[in-house]
Protein chains: 2
Amino acid sequence: MHPSLLQDAGCPKEIPHNEKLLSLKYESLDYDNSENQLFLEEERRMSFLGFKCLEISRWVICGLIGFLTGLIACCIDIAVENLAGVKYFVVKQNIEKFTEVGGLSISLILWAVLNAAFVMVGAVIVAFFEPGAAGSGIPQIKCYLNGVKIPRVVRLKTLVVKVCGVICSVAGGLAVGKEGPMIHSGAVVAAGVSQGRSTSLKKDFKIFEYFRRDTEKRDFVSAGAAAGVSAAFGAPVGGVLFSLEEGASFWNQMLTWRIFFASMISTFTLNFFLSIYNKKPGDLSSPGLINFGRFESDVSVCGLLGALFNILNYWLTIFRIRYVHQPCLQVMEAMLVAAVTATVSFAMIYFSNDCQPLGPDQSEDYPLQLFCADGEYNSMATAFFNTPERSVRSLFHNPPGSYNPLTLSLFTLTYFFLACWTYGLTVSAGVFIPSLLIGAAWGRLFGILLASITPDGSIWADPGKYALIGAAAQLGGIVRMTLSLTVIMVEATGNVTYGLPIMLVLLTAKIVGDYFVEGLYDIHIKLQSVPFLHLEAPATSHWLTAREVMSAPVTCFNRIEKVGTIVDVLSNTSTNHNGFPVVVPVCGLILRSQLIVLLKHKVFVELARSRLTQRKLQLKDFRDAYPRFPPIQSIHISQDERECMMDLTEFMNPTPYTVPQVYTVQLWPLGEFHERFPSSQATELGRTPVSLKWLGVLMHHPKCN
Amino acid sequence: MHPSLLQDAGCPKEIPHNEKLLSLKYESLDYDNSENQLFLEEERRMSFLGFKCLEISRWVICGLIGFLTGLIACCIDIAVENLAGVKYFVVKQNIEKFTEVGGLSISLILWAVLNAAFVMVGAVIVAFFEPGAAGSGIPQIKCYLNGVKIPRVVRLKTLVVKVCGVICSVAGGLAVGKEGPMIHSGAVVAAGVSQGRSTSLKKDFKIFEYFRRDTEKRDFVSAGAAAGVSAAFGAPVGGVLFSLEEGASFWNQMLTWRIFFASMISTFTLNFFLSIYNKKPGDLSSPGLINFGRFESDVSVCGLLGALFNILNYWLTIFRIRYVHQPCLQVMEAMLVAAVTATVSFAMIYFSNDCQPLGPDQSEDYPLQLFCADGEYNSMATAFFNTPERSVRSLFHNPPGSYNPLTLSLFTLTYFFLACWTYGLTVSAGVFIPSLLIGAAWGRLFGILLASITPDGSIWADPGKYALIGAAAQLGGIVRMTLSLTVIMVEATGNVTYGLPIMLVLLTAKIVGDYFVEGLYDIHIKLQSVPFLHLEAPATSHWLTAREVMSAPVTCFNRIEKVGTIVDVLSNTSTNHNGFPVVVPVCGLILRSQLIVLLKHKVFVELARSRLTQRKLQLKDFRDAYPRFPPIQSIHISQDERECMMDLTEFMNPTPYTVPQVYTVQLWPLGEFHERFPSSQATELGRTPVSLKWLGVLMHHPKCN
């Protein structure tokens, strides 16, 4: 362990100016099953029927996860639509009143104040109550699915703050979407439902106790994330692939099937309730929060803009980490952005002279006439004076000629900077929709320009298709997901013929973008100093062996160990490992959390002899303590007790994953490393350039052999 | 090893009357990378650019696989359509001629002879040239993807026979589909393209040599299978999930993405060429061989019929294995089935009096008037006098009232037995379409009955929806795929709202069916005595340890071993293991195939000393010999040479997977076992009831420690 390289980034004043800094406040999930004697006994006692019941409960939980996630999505959608509707109605009335008599500055102020008010509420709850609910939550969920435990990320409080926060920020007119937070919400729902209790509410339903361990919980969380994607985009298969692409370190066939079930239920629930809300029960035409409508075919370009977005946002985030870490400052920044967004939008609309005739089908939701002739509306306003979802849909589907090129260029430019400024504010907000909006605008612009230079371009005529391709490219350039994003876009457009062009565009965007900078989520993961391991080791480090990447000497215990030694090792901050090999005379692995429970219950050899009546420790005791194990400091061990002995045999995992010292890194994809050897000893590797910085593994200990 | 339990089923006269019989003719794939010194040296020499080039070639290969698979699908489709078109045209003319004047028996004979002729060609090439091309090929591909090497399954000859055979059997009017064979064809294309050479044609393009090993080949084959599904159903995502569900033992994120690429290219190629063929370029409306058309929502029942189908087919297959194993008999049986199919169809049409008015849009392809009034057609004929694909589409989409219940019941009943009899014939043929057809017929029947008992049933009115659900249930009941089938059905119908009902139906069908008997593919795998391991061990055998399932004592070699000993061990038929631990003084694993190459090149310690100029063995020598290594008997070792020594250090894998003896089976999902320890020592386990019969693993050998 090199303290100079690994340091705690919990202190907000420290900023990671160096890529070698990784925070020690993050633990990894204990993905490896602790197959100790207690566990094996329980398994042996369990009948075939017992296993079936477990399997059925897993399905029931997944169904519940899907249902609740769909319900939450439905609530968010209805709340946003109504709040935004009221806001736009008030502002529109005001603008109409003042267009004739002059004094539009009052309208501007009204709009800015309304926006700032909404955003203030959203920012205050996030900054003061639950900072973990900031942002889209996708980076955190990505870390969790890959085996890094981010503190407080799946708490009930986070969920509540997230939901309220996203409603406020979208209604507040920020350049944000509500799709990312849905994914986080789904994950929290899953973590809560699957445990059958709420630690925050101090309520234990005494069900699903078998699932109270990291392995099972992570699996359910992946189902929750999938249900979130499914509800957000009406894309159940896309949801499954998202969970897979982002959390592929562990894979299980039955799990996929359950994830798919949760996704299906989620989109179906949302669809059902929204249909009822829209008074068209049985119509089932709104499978997702955003629905692109149906498209009837195309090819295109790439993601330099995505890379630029990421670079700008990277600098901005570093600036924020350095200077904007007071909650008050954060709230004020968010309000500032809201007011600026309103002002810029207003200015753009005010100075625009792009008037379009109002169609008979009234496809605009809040058409602004302003200085246009009667029966016409301001085209810039369809882009700015609208929720981002509706703007995207207008760009995809409005007939050719609805926007003039100047409007689109100005819109693209301003919205790009607004969205870039917005992401990373202390509000809960997603980056999907703004990215799609930017991409759709320049895609449509490109389509218009192409149509103007090809006079007979009948098949090039629909700029909406370019908008779709542009949106995919921009989003791909920013988030760098490929497989799942293709499927999500295909499902959201409902047309498989777009699959190939969208995939090619996403691939190009990813390759071009990766040449310059990482994806936005990866940047934010890195800026939070999370020890995230990618699925594969860098190709050029394939021949590194386990011996070379492990810390030495290994901190380990004897099978029967003195309590004092255990307490000392656990208290020692320089060796805060999470798992310890047990070496003499048998070889096994014991976790920090298990030791804590043992110490708390004072399972000492001497006491067992004296107190014959002492209850034998059950698996239940470990499950009840999960997941918030007390720190070692809170457990009082007297000086006498320090001299007692503890027998670890029954509690240690006698069959941990072990690898020979000569094993190369290639054989162990890093993600698997992370999940297989999570709680073992961390080390720091100076030899490789990028991702192989943090690695935990229990090696063949010489004494074990 | 118990010779009484494990015996060679290569001899066709032996039939597996006992489930404990497993054939020893099947080897497993060497999925574990042999990280020997040669390999590590090559990796070290390779630059970053070299790795990039490899990655790019993988993508290029996947693109090629997709393209060629799409092209093959296109050829099959065009050939079948034209041949069937000609056949139906001739028969129809004939029937029309004889309807008035009497003598329809001549039409019947003509029809039966035409069918039998087509089927004879198909059966002859399969029975005499390549028996491996019989059936749908899905069971074989499923085995291959899960790590069992089925001989000759991915040969060029198999592909040619398969393609010609399926054209003949579909054109010959058998109750079969062309979708299963497409999946097999895609897999063969992948195995061929990825190796950059054809052993059958003796042509080596000297490219892609790096991919000449089981690991890489299997990955490409999974892409090929996905491309096949994609081309067959126009379902690229379904294809990916099929490869995943059937071959999930190994999983890799980048691989999925490449599989998806191959699938997309495949469906796009098919779509493109079929559009050109149909003289509607740019229309791109035929993404798959079967296209259900668009559906605009539903709920329903399950798969007892599927289980019945499987049980009947199981008995039939056992009968066939026992009595019908002469190629001549097989051809005659196939011809008999073809003739009976024609006769039964004809009889059904002849005695049917279900006349329907001919619509103005002429949706029927070959309407038969027979004894109906002018302007009407025989409804039974739309079901029987048609390719199965078109019949399915008619059942889904024809307006209510197109069929009367009696027609449907009779059709379901006869087609059920015909399809059941047909599957397993020595022709290449799939079971997807017949299953869909049976399901669609009784689904529609159910829909009509339901509509008749609910008088105002406006939302229950469309029997086509019941047909879809019935088709899904029947297919699910027979093949028991769940995740991938849902996605395939959703993609083929182009409507995500059907996702939930289809999924629930498939799940129900699977649960009900599994209660009675295994899926059809699993039955056929078992009947072929393939040592197939399922992904998970049975729940009740979780606590079995590695010690209990391994054969003992382990056959192993010293690091420097006498040639005679090696030859003796390799020649000994009672220990025909495929991999051997190397134990003193280091621990490693050496494969049979490696030993064969070493013996062939006479890499003996003594010879190396005398012949100083001897070329050092390269990885290339191993790759050139792949995959058809000569048997040990073909290598001549003189009596003197037997006394020489061989140094295995450089060639053995120093880091094989090892597990402690106390490891439980639960920790190692069996599929993973199979792929991780493929070439190791096989054992027979008497303690567990079903699937844990065959297991290879290199245990912690006492001497290694």
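Placement of Cβ uses the backbone N, Cα and C atoms for every residue, glycine included.
So that you can see what the record holds, here are the features copied from TrEMBL:
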TRANSMEM  B:56-80  transmembrane segment
TRANSMEM  B:101-129  transmembrane segment
TRANSMEM  B:159-177  transmembrane segment
TRANSMEM  B:220-243  transmembrane segment
TRANSMEM  B:255-277  transmembrane segment
TRANSMEM  B:298-319  transmembrane segment
TRANSMEM  B:331-351  transmembrane segment
TRANSMEM  B:403-425  transmembrane segment
TRANSMEM  B:431-454  transmembrane segment
TRANSMEM  B:466-490  transmembrane segment
TRANSMEM  B:496-517  transmembrane segment
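Long-range Cβ contacts of the transmembrane segment (B:403-425) within its own chain (Cβ-Cβ under 8 Å, at least 6 residues beyond either end) map to 123, 134-136, 174-176, 305, 309, 312-313, 316-317, 320, 330, 333-334, 337, 340-341, 344, 348, 352, 354, 356, 379-380, 382-384, 395, 431, 434-435, 437-438, 441-442, 444-445, 448-449, 520, 524. Looking at B:56-80, B:159-177, B:255-277, B:331-351, the range that has the most CB pairs within less than 8 A of the transmembrane segment (B:220-243) turns out to be B:255-277. Across B:101-129, B:159-177, B:255-277, B:331-351, B:431-454, the stretch most heavily in contact with the transmembrane segment (B:56-80), judged by Cβ pairs under 8 Å, is B:255-277. For the transmembrane segment (B:331-351), same-chain residues at least 6 beyond its ends with a Cβ under 8 Å from one of its own Cβ atoms are 104, 107-108, 111-116, 118-120, 122-124, 127, 169, 172-175, 320, 324, 368, 370, 378, 380-381, 384-385, 410-411, 414, 418, 421-422, 425-427. Sequence-distant contacts of the transmembrane segment (B:101-129), counting only residues of its own chain at least 6 positions beyond either end whose CB sits under 8 Å from a CB of the stretch, comprise 83, 87, 90-91, 94-95, 157, 161, 164-169, 171-174, 327-328, 330-331, 334-335, 337-339, 341-343, 345-346, 350, 425-428.
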